[in-house]
Amino acid sequence: MRGLGLWLLGAMMLPAIAPSRPWALMEQYEVVLPWRLPGPRVRRALPSHLGLHPERVSYVLGATGHNFTLHLRKNRDLLGSGYTETYTAANGSEVTEQPRGQDHCFYQGHVEGYPDSAASLSTCAGLRGFFQVGSDLHLIEPLDEGGEGGRHAVYQAEHLLQTAGTCGVSDDSLGSLLGPRTAAVFRPRPGDSLPSRETRYVELYVVVDNAEFQMLGSEAAVRHRVLEVVNHVDKLYQKLNFRVVLVGLEIWNSQDRFHVSPDPSVTLENLLTWQARQRTRRHLHDNVQLITGVDFTGTTVGFARVSAMCSHSSGAVNQDHSKNPVGVACTMAHEMGHNLGMDHDENVQGCRCQERFEAGRCIMAGSIGSSFPRMFSDCSQAYLESFLERPQSVCLANAPDLSHLVGGPVCGNLFVERGEQCDCGPPEDCRNRCCNSTTCQLAEGAQCAHGTCCQECKVKPAGELCRPKKDMCDLEEFCDGRHPECPEDAFQENGTPCSGGYCYNGACPTLAQQCQAFWGPGGQAAEESCFSYDILPGCKASRYRADMCGVLQCKGGQQPLGRAICIVDVCHALTTEDGTAYEPVPEGTRCGPEKVCWKGRCQDLHVYRSSNCSAQCHNHGVCNHKQECHCHAGWAPPHCAKLLTEVHAASGSLPVFVVVVLVLLAVVLVTLAGIIVYRKARSRILSRNVAPKTTMGRSNPLFHQAASRVPAKGGAPAPSRGPQELVPTTHPGQPARHPASSVALKRPPPAPPVTVSSPPFPVPVYTRQAPKQVIKPTFAPPVPPVKPGAGAANPGPAEGAVGPKVALKPPIQRKQGAGAPTAP
C-alpha cells in the first residue's frame, strides 16, 4: 500500500506534455499538477489580520524532468502602512480609501536545493508567477479553474510568443544626460554579494489608465494584476539591497485624467504634469509608474526620465505588453532603473551581464528579447551606487513606517521591526552569521548584525571612517564605537565656498550647473543681461530686475521634451513642469561675491550662516548645515571638547550627582516605609485595647448555676471556668490575693456554700463543640473563695471533707451513654 502511495505521489509530481496548446501565445509548455506540502498544524480560529492565506506555504511540482520544491513566504512588505486606492464612484465622484483587511496572496521565496534561486508567485486562483533555478527562468500559470491543485502550464520565457519591446529612452539622450562611460569605471564586482550600504526603499505609486481597466474588466482584476507586478519588481530589486513598497494605487475606471497618447514621450510629460498638480492630494511617494493598455508606437514599451528619482520628474510609463505579469514587471524595473540613473548595458564598453547569452539579457538591456531578464548587470549596479552618492537620493533612505506595515512585524522580511534585533530574511536565504534568522535576535556573543559600523558581529571602534566625503560640500562620517549604524549624513555649513559658488544643503548650486541639468551637457548660463528680464506667463518679458535671482536663463544644449520655452534675444527660459510659470534660479545660487539668492533676492551670505558656529567646536570639528558641530575622528559631540574614549569610559560609571540623588531617594523611600509600618502597627495595638469585656471567674454563669442549684458534697465546688482561664492553687494559710485590676466589681462575690451531705451533683455532658474564644484579660486571674474556718496548713483528709485546693478544671465531657464521673 505504501509503495502504491509513493507511486501515485510520483505520478502527481511528474509533468505531462499537453496534447495541444491552450492558447496561441504559448509555443511550448508542460502541464503539471502542483502538490501542496502539509504545513504545521495551526488553530482553527486564526486572528483576523492573518486572513485566509497562510504566512508560509510550500509546493512540489515537476518540470523539465525534475521535481522542484518551492518554499514561499507571504510578502508582508508589499503594501505600505498608508496604502490607499483611488477610483471613480458611480456618481462620478473621486473616492480614495484605505481598504480594510489588506490580506493578499502574493509570495516570494526560493527553490529547495538550489543556491541563489528565487521565486515570486501569487496563489489567489492557482499558481501564477515565476521561479528561477540557475540561469533558467520558469513561468507558471493555471490552465483551468481547478485552483492550486489543478492543471498548470510551466514554460520558459523564450517559449512565450511575443513581439520584441524596446525602451523609449534613446541612446543619444542617455549619452547626453549621463556623459561618456569607460570600462574602467565598471570593473566587475567580486562575487555576487549585496552592496554593504544600508537598505534603500522606493515608495511607489501606481496609476492604471482606462484602457488597462477595460482590458482587465474589473477593479479586482486590476488590483490583482498590479500587486503581482509590484511583487515581482520588489523581488528583482532585492538583490541590490532595495525594497519596493506600494503606497498607493489609482484606477481610472471611468475615464483618464489626462490624455494617454500612443507617443510615450507625450504620455510621460502628461503624467509628470498631472502628478505635479495632484501631488499634495495623493499619498506621498518617491516614484510614480503608469501602466497603460494603450499600444505605444513602434516597439517602445516603456519611457522614463533618467536620474529623476526623488524629484518632481520621478516617474515612467509602461505598456502592459505581455499576457504574463512578469513582462510588465520587467519593463517597470527597467524604467525605474533609468529613474535611478542607470544606462542601457549596450552603451557601456566592458559592461558585463552574468546571464548566458542564450538565457537572456540583464534588466537594463535596451530591448527585450525572447526571454524575461532576471538580474542587473555590473555596470547597472555601478550607476546605481553613483546615483546614491548624490544628495538628491536622500528620499530613498527613508524607510516606511515599520510600526504600521500591513500585517504587522514579521521575522524574515528584511525589516528590523519592533521586538527584533536583526532581520536577515528567511532562514533559507539568510547568510548573516551574526543574526538568528528564526528568532530575529542577535546570535550568541554578537553585538550587531547590520550597519556600516558593524564588522564580524562587533561594533567598529570609534573614529573609523564609515561614510567618505563625496565632494567639497560633503562631510565624512565616523563610527562612534557604540552603534552599528553610521551617523546621519551631514554636509558643510551653508555658505562654505565651493567650485564657483557656495554650499547649500550639500550641493554647490551654480547657474551653469542648473542649465546643464535642464538642457544637457551643452547647456550654459546666458549672458548676465538676460537675468534682468522677468518672464511672466505667456512669455511676457519685462526688464526691471536688478539682480540675477529671477528666472533661470540659459543658452545652448537640447530643449527638454514636453517643456515650452520663452526666447528673448539669446535668452531661453523654460516652463515649469505644470506649465504655469518659468523655472526660477534655485535658492543658494551664487549671485555675486559673498552673496546668494535667497527668497528671490540677492542677499548677503549671513542670511543662513552663523559667524561663530565653528568657534564652539574647540578646534576639533567644523559647523555643518544644521548649525551643529561635526567633530573630527575620535572626538565626541556636541562640542568636540572630549575624546570619544573618555566619554565612553565616563558613561560606564554614574556621575557623582546621580549617585547622591539615588542615595537621597533611597533614604526618603525607607523613611516613608518606616512611617507606614509604624502607623499600621500602632493602629492594630489600639484596636486591641479598646475596653474589652472582661471575663472573670466570678462572672462565670456556670459558677452561679452550681452554687444556686446543687450544693457541693462536703464543701464548695470549684467554680467552673473557661478552658483558657487558669487559677493558681491557694493554701488555707495564705491570704487571698486579689487581682491587680482597677475594675470595680458591680456585685459582691457569692457566699461560700454550706457543707451539706448530699449525693454528688451530676456533671453535665456536652457535645464536642469548640469552646467560644474570649479575650484574655490583661490582669491576673481571680482567686477562688477560701473555705471559712480553715485550720493549719496541709491538714490530712478527713471523712466528709474535701481534699486540697487545686486549679479549677473544665467540666469533664462524656460521650452519651457514659457513666457518672468518679470522685477524684
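Backbone N, Cα and C define each Cβ position, glycine as well.
Per Swiss-Prot, the cysteine from Cys310, Cys486, Cys498 that shares a disulfide bond with Cys395 is Cys310.
What Swiss-Prot records as N-linked glycosylation site, among Asn67, Asn494, is residue Asn67. From the options 139-187, 237-285, 776-824, the stretch Swiss-Prot describes as region 'Disordered' is 776-824. Ranking the recorded positions Asn67, His334, His344, Asn612 by Cα distance from Asn436 (N-linked glycosylation site) puts Asn67 first. Within the group of binding-site residues (His334, His338, His344), the Cβ with the highest number of other Cβ atoms inside 10 Å belongs to His334.
Ranked by Cβ neighbours within 10 A across all protein chains shown, the glycosylation sites Asn67, Asn91, Asn436, Asn612 are led by Asn436. Here the domain 'Peptidase M12B' (200-400) has a mean pLDDT of 87 out of 100. The separation of His344 (Zn(2+) binding site) from Asn612 (N-linked glycosylation site), Cα to Cα, is 49 Å. In the three-state DSSP reading, Asn612 (N-linked glycosylation site) counts as coil. DSSP assigns His344 (Zn(2+) binding site) to coil, not to a helix or a strand.
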